[in-house]
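K.L.:
This structure is in structure tokens; I'll ask about it shortly.
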Amino acid sequence: MSQTHLSTKKFADFPLKPEILAALNENGFEFCTPIQALSLPILLNAKDIAGQAQTGTGKTMAFLVATFNHLLNVAAPESRKATEPRAIIMAPTRELAIQIAKDAKLLAAHTGLKVGIVYGGESYETQRAVLDKGVDILIGTTGRIIDYVRQGVISLSHIQAVVLDEADRMFDLGFIKDIRFLFRRMPDAKSRLNMLFSATLSMKVQELAYDHMNDPEKVEIEPLEKTSKNIKEEIFYPSMEDKMRLLLSLIEEDWPDKAIVFSNTKHSCEKLWSYLEGDGHRVGLLTGDVPQKKRIRILEQFTSGEIDVLVATDVAARGLHISDVSHVYNYDLPDDCEDYVHRIGRTGRAGQKGISISFACEEYALNLPEIETYINHSIPVSNYDKDALLDDIPPPARIHRKPPTSRTRDGGSKGAHRSGGNTSRPPRHRTRRP
């Protein structure tokens, strides 16, 4: 874990347990982000919170620190059994749950508190075995948590802290009935520490908060701009004929360390994967059809650097929290302007610089005015020289291939199809309009 401090407030300034401060220090956390600096004084005073904060603002560490500190300060109920968690953290997607659990386990190092994670798509019995041994903090997606509650594997009758992360996404994905089902099986809201975080505090999110929380205090970190100043945006107007060649040329020139390519359909993503794989790139594919185990493996490879380019649909990419993404390519402009913000928000996080490149092709160019109205600025336009685009593109690879393996980037692997195995990239010869 790492983060760039965005406030002058330090974690050491708060009355945190020594075990938590030790874990924070060991993992490079000294200064708080604004959402942490504003929410921790409330939470450490055992008051509920409804926080508005975008992804990448440090909200995960805010609620994890508060949860661990609360459990260390408040004794566990004497009648509690091993199969009765003390805290529950609900996330809309498997990937977000996995990331939260990863950070939670780092914080748990000196506390003696056990962290467990459950989500669909993985072995029911394997996850149950962890629950049978007992966990203090349960992290997971609502559907799998409900499965274990209904089967009597766990009970929520002694929950002392609750976190609902990305509540707006919960509504988008239709999980609100599940959430209310789980809340009804917990102790009264006044006997718990309740935390809700959402990118937007819409009326429906606030209604959920007030129905199941104890007079939560609202904390809002509203960005002045919907897109970060750390992200350099640009847009091209390619013909349908040039579109694939332009993408491959840009990637060859930019040579991104870690890039995500977004497209609007599964079919288009599969086509992109085929051409990128055929061109020698280390590429992964995420669509709704990718099995969960393979999905996790691809994300691990992307995070570790074994894969350089990830091709994804919006649905498949929801909940992804991957650091150090240098480039985002919008092969198709999204139909939903909010998806544009979510897409490019994968880069330029935690104070880092990022690059977002979008294509306004004949099929999706009509989406641009609404996007620019929503983000309240025009996206700078770049031109390209058609004659400078790559013209020696190998045939696309077949979609059914073994998972990518680590390969070197020098001659004989990536770029080996070019004359002499030269890995230098041809100039793009692009110019900007005034």
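Every residue gets a Cβ built from N, Cα and C, even glycine.
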K.L.:
Of the residue ranges 109-112, 165-168, 377-380, which one carries the motif 'DEAD box' annotation in Swiss-Prot?
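P.N.:
It is 165-168 that Swiss-Prot describes as motif 'DEAD box'.
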K.L.:
Note the Cβ centroid of ALA53, GLN54, THR55, GLY56, THR57, GLY58, LYS59, THR60, the recorded ATP site, then list each other residue of that chain whose Cβ lies within 8 Å of it, in sequence.
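P.N.:
The surrounding set, listed in chain order, is THR33, ILE35, PHE197, ILE221.
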K.L.:
Taking DSSP three-state, what's THR60 (ATP binding site) in: helix, strand or coil?
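P.N.:
DSSP assigns THR60 (ATP binding site) to helix.
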K.L.:
So, by DSSP, how many helix, strand and coil residues make up the domain 'Helicase C-terminal' (243-390)?
P.N.:
64 helix, 24 strand, 60 coil
K.L.:
Out of THR55, THR57, THR60, give me whichever of these binding-site residues has the highest number of other Cβ atoms within 10 Å.
P.N.:
THR60
